[in-house]
Every structure is written in structure tokens, then in C-alpha cells.
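Chemist: The structure is given below, and queries will be raised subsequently.
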Amino acid sequence: MSIKFRLTAMQFLQFFVWGAWLISLGGYMGGTLHFEGGQIGAIFATMGIASLIMPGLTGIIADKWINAERLYGILHLIGAGALIYASTATTYNHMYWAMLLNMLVYMPTLSLANTVSYNALEKYKMDLIKDFPPIRVWGTVGFICAMWAVDLTGFKASSAQLYVAAISAAMLGLYAFTLPACPPMRSEGKTMLSAFGLDALVLFKRKKMAIFFLFSMLLGAALQITNTYGDLFLGSFASIPEYADSFGVKHSVILLSISQMSETLFILAIPFFLKHFGIKRVMLISMFAWVFRFGLFALGDPGSGLWMLILS
């Protein structure tokens, strides 16, 4: 089995785990468990909390004490347990702590997956710039497949979506131990600030970088709003008789997956756009595209406005 195929399988499962619940969990918590909007938002905010703390911490652990692929596998196995625990939750407090634990172990696996991939490709004398992007694209494909699986099986409105994610995480956790060894580098002279990426804060002294970070933060916040409440928003149209049996309501998660499909295509198109327009223009076009996207999503509906939802 080629190393490219093995890494592709890893990336596919990495994002399949996430896609099985990220878009549909908000609808399940709001529609089935009847959590309040603020409670749903707080549960999804655990992603941000985990992202601030865990990648730097696990990076230190992988750098000094344990192989990255082993740590990667251990984290996914813990995540599988957390997801099973979350599937039994019927109250806000129960769900919050279960998902916080899940996020604390899942978010650092995103960077660890890249570390394991880079290490393996370098061992096999491959070109990271050329060979990694096609492998990474399969992560997005895995995310889309999970969304479709959860939607078509009817799991989007039940705790079964968390079981799908848990089983996938357990499979990936075990599979990780078969990947090429990525031993600790034991870097010397690395400060805690650099380990947690805090040394990058000095870039805020540059006006252009500060503006870029500000817009990136705002766009990231807007993206999380649609991830959190998008399915719940589309599901709310079920209360209107003319939309109750529409595709956008019955298969809301598939509808939302269109944005992931476009992401796959545009990831492959990035080299072309960078070559012809440059990084500044590409970033500017991207930011305006985000504004356009959210505007269409806000104005659309599952009936005559379906085209707006599709374009968004």
C-alpha cells in the first residue's frame, strides 16, 4: 500500500469524524434536545477554547516525549470515548463537558495530521508542495461524505450522528499506530511563547498585518455562526407549510455541503489564481466573496430563494 494512499485515508477519516457532527449538531441540539441558542453557541465555542490551548501543548509533548503518530492515535481514541459520552447527553451541562473534552483532544489532531503527513512524505523523498495538497483535498471529501451519510440516513436529527463520529474516530485512532514513525525532534531553545504561537503577536505592530488579522477573525466568526446555526436555521422553515416538504428542509445538511464541494474545487484552483492575481488580490476577492456568501444565505429560503442558498 503506497504512502500516499495511507495518508489519504488518514486525511479522509480525520475530517469524516468532524463532518459527521459539525454541521448537524446544532440542529439536533436545538430541534431535538431543545437547547437555547446561547447554550448551543457555548457548546460550539469549545472549539475556540481548545484551539487556543491544546495545539501548543500537544506540540510540546510530540516534540519532546512521544511520537506524533502515537499521540495522534491516543487523542482520537479519547475523542471516540468523549463522542459516545456526548451521544447520551440530554442536558446542556452534560453535552457541554462532553463536547469540551472532545474538542480538547480533536483540535490538536488537525495540526498533528499535517505533521505526520509531512514527516512521512519527507521520509519517502516526496515533494511536500506538489504531493501534499492532493492528499489534503481528500480531507474535505471525507467531510462531505460524512455530511451526506448523516443526512441520508436521517441521523442529523438524532444522537446517532455522534456514534458515527465516534466509530470513525476509533478506527482512525487505531489506524494511526500503523503510520510511519514520527519521533520527537527534541528542539532546543524553544520558548513557551513560541510553542503556543504567542510570539506571532508582535506582527500586530504592523498596521497591514493587524488589519488582515482583524478581518480574518471576523470572517472566521461568521463562518462559525453558519456552522453552528445553519442547519437549525434551515430546519426552522419546516414550520411554514409551503416549505415543510422542500429539499432544503428535508436535506438541509446536503444543501450545506455544497459549500464544502466548492471549497474542494477552489483549493485546487488556488495556484492558478495566485499566479495570475497575486496574494493580495486573491485575499481581497476572497473577503468580498465571504460577504456575498453570507448575504445570499440570509436572504435565501428553501422555496423560490433556493438558488440563493445554493450559491451561498
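Here the Cβ of each residue, glycine as well, is placed from N, Cα and C on the backbone.
TrEMBL entries are annotated by machine, without manual review.
According to TrEMBL:
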{"type": "TRANSMEM", "residues": "12-30", "note": "transmembrane segment"}
{"type": "TRANSMEM", "residues": "42-62", "note": "transmembrane segment"}
{"type": "TRANSMEM", "residues": "71-89", "note": "transmembrane segment"}
{"type": "TRANSMEM", "residues": "95-121", "note": "transmembrane segment"}
{"type": "TRANSMEM", "residues": "133-150", "note": "transmembrane segment"}
{"type": "TRANSMEM", "residues": "162-182", "note": "transmembrane segment"}
{"type": "TRANSMEM", "residues": "210-229", "note": "transmembrane segment"}
{"type": "TRANSMEM", "residues": "249-274", "note": "transmembrane segment"}
{"type": "TRANSMEM", "residues": "281-299", "note": "transmembrane segment"}
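On this model, are these features tucked inside or out on the surface, and what's nearby?
Modeler: Proximity of distant same-chain residues to the transmembrane segment (42-62), defined by a Cβ-Cβ separation under 8 Å and at least 6 residues beyond the stretch ends, is recorded for 25-26, 29, 35, 68, 71, 75, 92, 95-96, 99-100, 102-108, 110-112, 115, 182, 184, 195-197, 224, 227-228.
With a cut-off of 8 Å between Cβ atoms, the residues of this chain six or more beyond the transmembrane segment (71-89) that come close are 17, 21, 33, 58, 61-62, 95, 98-99, 101-102, 105-106, 108-109, 112-113, 116, 159-160, 162-163, 165-167, 169-170, 172-177, 179.
Outside the transmembrane segment (210-229) by six or more residues, the chain places 22-23, 26, 30, 37, 40-41, 44, 47-48, 203-204, 256, 283, 287, 290, 294, 297 with a CB less than 8 A from a CB of the stretch.
Beyond the transmembrane segment (249-274), the same-chain residues lying 6 or more positions past its ends with a Cβ under 8 Å from any Cβ of the stretch are 19, 23-24, 27, 133, 136-137, 140-141, 143-144, 147-148, 150-152, 156, 226, 230-231, 234-235, 237-238, 243, 282, 285, 293, 302, 309-310, 312.
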